[in-house]
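As given in Swiss-Prot:
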- D191: active site (ACT_SITE)
- H204: active site, proton donor/acceptor (ACT_SITE)
- C47-C125: disulfide bond (DISULFID)
- C187-C194: disulfide bond (DISULFID)
- G32: N-D-glucuronoyl glycine (MOD_RES)
Amino acid sequence: MKFFALTTLLAATASALPTSNPAQELEARQLGRTTRDDLINGNSASCRDVIFIYARGSTETGNLGTLGPSIASNLESAFGKDGVWIQGVGGAYRATLGDNALPRGTSSAAIREMLGLFQQANTKCPDATLIAGGYSQGAALAAASIEDLDSAIRDKIAGTVLFGYTKNLQNRGRIPNYPADRTKVFCNTGDLVCTGSLIVAAPHLAYGPDARGPAPEFLIEKVRAVRGSA
């Protein structure tokens, strides 16, 4: 009954408000592809020094959604297109609204999908520095998958950025089993999902400025702390 009520609430919210900001969608298209599969399509002979794995928000297009392309663009500017792979979470992660109401804020299949990408990155490119991110349901997904990772792989994730973190209250602004100083949570004032609700208000759709500046800056800083400034 509780799951049905929450799913109904999410559906009603979706009908009342857009699930993304049209300006952010336009910017994402202008920056380039909203789908990136560099890790999946790459091979071990062409590994990059940095691999960014990102989970989009509910109902967003591609596998990077509205915020991912901005972060990707900044990372490529910092490290060069030959220095970083960009990988969105697709496959079994459907980014459907109803999955927000599940206990971990997303589906078990989605968590396995993102776990598999981290594991693939570790196997294919064991010397790469990993960074991660997610928005809304994707933030919950990133947190859950990092929490569940083998510690040896989790230790390779230099930094993670979360926007509109739907498990922010429950996880006390952190990712369980992961260092707080490697985590940057962006929660706008008035974003109700950050305070334990699944109601989407306007501030939840306004993380574009963070994705263009503070978030990639945080990730770049964390990578350089590991690999140096080169």
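Including glycine, each Cβ sits where the backbone N, Cα and C put it.
Where Swiss-Prot records a feature, it is marked here on the structure.
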residue : record                             : DSSP class
C47     : disulfide bond                     : coil
C125    : disulfide bond                     : coil
C187    : disulfide bond                     : coil
C194    : disulfide bond                     : helix
H204    : active site, proton donor/acceptor : helix
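For the residue listed as 'active site, proton donor/acceptor', the same-chain residues lying six or more positions away in sequence with a CB closer than 8 A to its CB are S136, G164, N188, D191, L192, V193. The most densely surrounded of the disulfide-bonded residues C187, C194 is C194 (count of other Cβ atoms within 10 A of its Cβ). Note: the Cα of C47 (disulfide bond) and the Cα of C187 (disulfide bond) are spaced 33 Å from each other. Within the same chain, residues at least six positions away from C125 (disulfide bond) with a Cβ under 8 Å of its Cβ are S44, C47, R48, I51, W85. Taking the Cβ of C47 (disulfide bond) as centre and 10 Å as the limit, one finds 17 other Cβ atoms among all the protein chains shown.
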